[in-house]
Amino acid sequence: MKLLSSIEQACDICRLKKLKCSKEKPKCAKCLKNNWECRYSPKTKRSPLTRAHLTEVESRLERLEQLFLLIFPREDLDMILKMDSLQDIKALLTGLFVQDNVNKDAVTDRLASVETDMPLTLRQHRISATSSSEESSNKGQRQLTVSIDSAAHHDNSTIPLDFMPRDALHGFDWSEEDDMSDGLPFLKTDPNNNGFFGDGSLLCILRSIGFKPENYTNSNVNRLPTMITDRYTLASRSTTSRLLQSYLNNFHPYCPIVHSPTLMMLYNNQIEIASKDQWQILFNCILAIGAWCIEGESTDIDVFYYQNAKSHLTSKVFESGSIILVTALHLLSRYTQWRQKTNTSYNFHSFSIRMAISLGLNRDLPSSFSDSSILEQRRRIWWSVYSWEIQLSLLYGRSIQLSQNTISFPSSVDDVQRTTTGPTIYHGIIETARLLQVFTKIYELDKTVTAEKSPICAKKCLMICNEIEEVSRQAPKFLQMDISTTALTNLLKEHPWLSFTRFELKWKQLSLIIYVLRDFFTNFTQKKSQLEQDQNDHQSYEVKRCSIMLSDAAQRTVMSVSSYMDNHNVTPYFAWNCSYYLFNAVLVPIKTLLSNSKSNAENNETAQLLQQINTVLMLLKKLATFKIQTCEKYIQVLEEVCAPFLLSQCAIPLPHISYNNSNGSAIKNIVGSATIAQYPTLPEENVNNISVKYVSPGSVGPSPVPLKSGASFSDLVKLLSNRPPSRNSPVTIPRSTPSHRSVTPFLGQQQQLQSLVPLTPSALFGGANFNQSGNIADSSLSFTFTNSSNGPNLITTQTNSQALSQPIASSNVHDNFMNNEITASKIDDGNNSKPLSPGWTDQTAYNAFGITTGMFNTTTMDDVYNYLFDDEDTPPNPKKE
């Protein structure tokens, strides 16, 4: 241990026991010998109790009170000082500052006059405080900071030179007119005619890792031939009812911006339509989303409805405003985001949020207003639009345009119910809005405070990440990951949509942590001078903690997405979200891998990073089977950037598919330095004809040793104790620990059973029979589906009646999900197969195929006899002569 001269006094234990301290780090000699906790408290500095010192403190306090009254002339200082939490004081004063000082020029003039009237000593104190930016950042959690820029969310940063197009005026122009375009703008690192993507965007990150767009090749998902594109067929009642059912089943539970009872009454012509153009925009957008949620991008049926919706976007539409238009424009923004029209999505969202503000949706109605249904509809629409604003701004690296919210969060109670203690489809948007609102308060405000002079310090990053995790801990119990398996299983049987909501909230939380820490390390690398890099011990420790937390958040994201894919049926909507969060997370190990290659880091860490990258590649290739073009593009980017490492000797080979000749099934394996256990996956429907069993990184255990490697009894005991379990033995947890840092396994999740409505051309227009049930996700609606054994149609309609039944209040919406059994996949062994446990959960899948807990649990006397007396396979004992 090294003696540190900076330690001024003995450790706490030595001072308490009156012992001579060696003043060593991390432990002094006495504490090390007696196994005591060694802690060095800072030396207490006591102020002198003199009249001169008290007079100086009183004068400083008086000037501070005068400054407070000049900035907040209408506030009661005594009332504010009675508040216990410093964070509450900061939030209150920041909100007051925004309300009182909307005009920045007026605020600047006021502060300039305040500075002129300041005494000379106070101005000198302000200058000294500015010069010591590092000290002020360390004391940021104890001091109250009010900033003009932070309050107004003003962004003073300029566009970097490498982001500039050739033409500074017209070079940012963009065009996304082609509805079948294969280009993804944030994968085009060329800044010309691509729009602006700022710091923190995926395009900026791709530039930093050296992605070259000239090596990128466009690739289309194999589209099924659209046999019939007759507009009358696609506009028929039977077709639109199926697509409407798909929207309400596959998308509405996760974005309940549409009031489904009103939607059904409009669809059934039970209420009058105020504007046919506005209704056609909304209705066709819903049909486009419903078609996309069934077949992804394998057909262009959804494009037909999208083009039909655009045809109604006339000049009259933008000369009016309504709730229907706000909802329709928001859904168009969501849809075009999936269809790789990022700038178009941003434009639709801009129209939507500005129109929502013009309708006053960002403010609550008077307390005397008694209709709670209307109040809740307004809140749901606003918070859906607000959450999308934050997500797009972070994704594209563009400024957040909203600075304040005076409207309450929506209620989690359905319109049919009065009170509820269980989950509803509105819990997702409530917790997402709460998470993003807290994030913008604690990160965006603090980020602009330190702007260009000093980046956010490591301590503040850790505080922000802790605040983000604290929000998730305040969520309802059924949305947290530490809920009991039994309780969660019962909830998922009644509410099958809840599983994806829980996972998506976790992914959003981890993506925000990645965003904060990634931005910190970008500034830390670019703006830190050599003098600032010579930090003290606790600063470097906090930077290391940030690095560990960043890699841990990325790894937890990959593990969580893998866990979800292993235990749930995946739809195109789920696949798109999984691929986005996977790609965002894998950029962290890629950046680390490139940094280590420049600094000649250890091969062990490189192998672990490559293993994680290959795991993501494997998952993306599985997601690509769900007809999502974005997955193919992500795979190309990863393979192009990591090609030098994947082809090197230390790289882990990419997943390959080996076919079993007996049954034609495909099994994917990863070959690497560490053995990765396989565990079964739930059968996927409507994906392909090959049953794929792929390796998951969730379980890492010892590789099984050969059954016969010696002839002694001790060797027999050793081998039998390590023998892999038979199919009749229970699945146990591997006794070895992974070589990399372990991640807390995710708790049990039942398979999420989705009521999908296939929309292939054969299914729509004849030639296929399907057995599907049809329930709408909304609690007050139900569709009646009938199966025809002799006809090709999924829905049998009457000539003189509507295809959809009238809305009916139902206490149980998902009765068809209650009777479904979760079946595990089978392990193929020649011609014999035996199913595993019928109730797979995330935890059992995570710990699958471990070694047996006992020594002879799966051993029979035949095994012992064959081991001892089978001379054909048993080699002679080398010690025996």
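Here, residue 1 is simply the first one shown, and the rest follow in order.
Cβ coordinates come from backbone N, Cα and C, glycine included.
These features come from Swiss-Prot:
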BINDING   Cys11, Cys28, Cys31, Cys38  Zn(2+) 2 binding site
BINDING   Cys11, Cys14, Cys21, Cys28  Zn(2+) 1 binding site
DNA_BIND  11-38  DNA-binding region
MOD_RES   Tyr694  phosphotyrosine
MOD_RES   Ser696  phosphoserine
MOD_RES   Ser699  phosphoserine
MOD_RES   Ser703  phosphoserine
MOD_RES   Ser712  phosphoserine
REGION    723-743  region 'Disordered'
MOTIF     862-870  motif '9aaTAD'
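Structural mapping of features recorded in Swiss-Prot.
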residue : record                : DSSP class
Cys11   : Zn(2+) 2 binding site : coil
Cys21   : Zn(2+) 1 binding site : coil
Cys28   : Zn(2+) 2 binding site : coil
Cys38   : Zn(2+) 2 binding site : coil
Query raised in the report: Tell me, what is the mean pLDDT of the motif '9aaTAD' (862-870)?
Result: 65
Requested in this report: Name, in the order they occur in the sequence, the residues of the same chain whose CB lies under 8 A from the CB of Cys31 (Zn(2+) 2 binding site) and which sit 6 or more residues away.
Outcome: Cys11, Ile13, Cys14, Glu37, Cys38
Report summary line: One should report the C-alpha separation between Cys28 (Zn(2+) 2 binding site) and Cys21 (Zn(2+) 1 binding site), rounded to whole angstrom, as 6
Report summary line: Going by C-beta under 8 A and a gap of 6 or more residues, the same-chain neighbours of Cys21 (Zn(2+) 1 binding site) are Ala10, Cys11, Cys14, Arg15, Cys28, Lys30
Query raised in the report: Around the Zn(2+) 2 site (Cys11, Cys28, Cys31, Cys38), what further same-chain residues have their C-beta within 8 angstroms of the site's C-beta centre?
Result: Ala10, Asp12, Ile13, Cys14, Cys21, Ser22, Glu24, Lys27, Ala29, Lys30, Leu32, Trp36, Glu37, Arg39, Tyr40
Requested in this report: Identify which of the binding-site residues Cys14, Cys28 has its Cβ surrounded by the largest number of other Cβ atoms within 10 Å, counting every protein chain shown.
Outcome: Cys28
Query raised in the report: Ranked by the number of other Cβ atoms within 10 Å of their own Cβ, which of the binding-site residues Cys11, Cys38 ranks first?
Result: Cys11
